[in-house]
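Participant: Feature list, courtesy of TrEMBL:
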REPEAT    166-208  repeat 'WD'
REPEAT    317-349  repeat 'WD'
Amino acid sequence: MERIEEQFANLNIVKRSSGTTEPTYLLGIDASKTVQAEKESLIAVLCSNGSIRIYDKERLYILREFRGYPGLLNGVRFANSCDNIYSSCTDGTVKCWDARLASEKPVQLFKGYPSNIFISFDISCNDHVICAGTEKVDDDALLVFWDARINSQDLSTSKDPLGAYSETHSDDVTQVRFHPSNPNMVVSGSTDGLVNVFDISIDNEEDALVTTCNSVSSVSCIGWSGKDYKQIYCMTHDEGFCWWDLNHLDTDEPITRLNIQDVREVINVKGGILDYLVGGLYHEKMDKLFVVGGTNTGIIHLLSCTTAGLIHVTSLHGGHAATVRSFCWNMQDDSLLTGGEDAQLLLWKPGALDKTFTKKDSMKIASSVYQRVRVHSNDSYKKRKKQ
């Protein structure tokens with residue numbers, strides 16, 4: 001624990017993103033997973049105006065921008081084996097661009113079924129399968145699947161679905177995450193409160209459903225953790241946190257490791273408060289799950305997950321001036337990228353110091369995507385506080 005606390009507390013800002021004419025919330029960040037000599041490392045950022053910006057990681061210069069017009073993009077993901085970038089779109093497609101090409105035209109287009117509005121997605125660890133979650137339309141909330149492989153015999157850039165799951169969620173599918181090393185395992189989360197784990201190597205949906213966990217609230221974030229990634233965690237739109245151990249599915253042991261209805265009510269932050277949760281971070285080398293949260297004034301908190309509860313480890317100050325919405329941790333060099341509602345993208349590194357830039361003022365803006373992608377609910381929290 002001391003090592004991660006020291007690493008995190010030792011982070012300083014080395015670079016802030018160059019300014020843009022259009023202030024936007026930075027809702028999601030992913031980093032290129034390929035390492036190529038003499039080529040800059042790329043960062044992709046999902047913005048609240050429905051676009052994706054590609055940055056040079058070290059300089060944080062915007063290299064290019066992709067849009068889903070007339071739809072809005074949701075989520076951002078690099079392929080695991082190349083610099084293709086993916087995003088789901090409200091126009092009923094999942095789009096794929098080559099992040100190193102300036103062309104705004106997608107190199108691949110994955111088409112959904114009529115009336116599909118995609119708000120979440122992921123690609124498997126071997127880049128073979130894409131899965132996207134839909135908004136509920138009529139009585140349908142779907143998980144739609146495509147073969148993502150490029151067929152040299154078929155030069156068409158447009159692909160139809162392999163199929164869909166339609167029976168396991170009853171409301172918007174807000175999150176989809178493939179297992180980090182098993183391409184057949186995928187977990188989905190929904191505003192119906194359910195977190196479903198599937199083995200997609202099994203033919204039909206009913207048999208493919210490995211287990212269902214109930215967060216009892218609208219799911220805002222899910223992920224995999226633990227040795228061999230046999231655990232899953234979930235955060236909710238009203239700042240709840242759940243943690244389950246799939247190793248116990250075939251035993252008498254309970255699978256729930258931790259269930260907190262509202263983290264804000266129970267967490268003890270040294271010299272401060274917690275306003276919201278951002279996401280989870282599983283540190284492989286330490287075999288430890290951490291949760292990233294923060295304050296509305298831009299302070300970032302690192303929390304350690306234990307079966308006894310969440311414990312405040314340390315905090316980062318002086319970076320953002322408003323709510324932090326996204327982060328990306330690099331295990332190789334222990335660097336951290338953060339994005340917020342102040343329209344700032346920050347690169348933090350251990351021991352480094354930013355001598356040229358001061359903290360930016362908040363650039364609060366109205367955004368339709370903000371309402372859909374993540375809404376922090378204070379109502380239930382305030383009501384319980386009054387009781």
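Quick reminder: no glycine exception, Cβ is built from N, Cα and C everywhere.
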Participant: For the repeat 'WD' (317-349), what is the mean per-residue pLDDT, to the nearest integer?
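Facilitator: Here the predicted model's pLDDT, averaged over the repeat 'WD' (317-349), is 93.
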Participant: Using DSSP, how many residues in the repeat 'WD' (166-208) fall into helix, strand and coil?
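Facilitator: Residue counts in helix, strand and coil order: 4 helix, 18 strand, 21 coil.
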Participant: Determine how many residues of the repeat 'WD' (317-349) DSSP places in helix, in strand and in coil.
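Facilitator: Within the repeat 'WD' (317-349) the tally stands at 0 helix, 18 strand, 15 coil.
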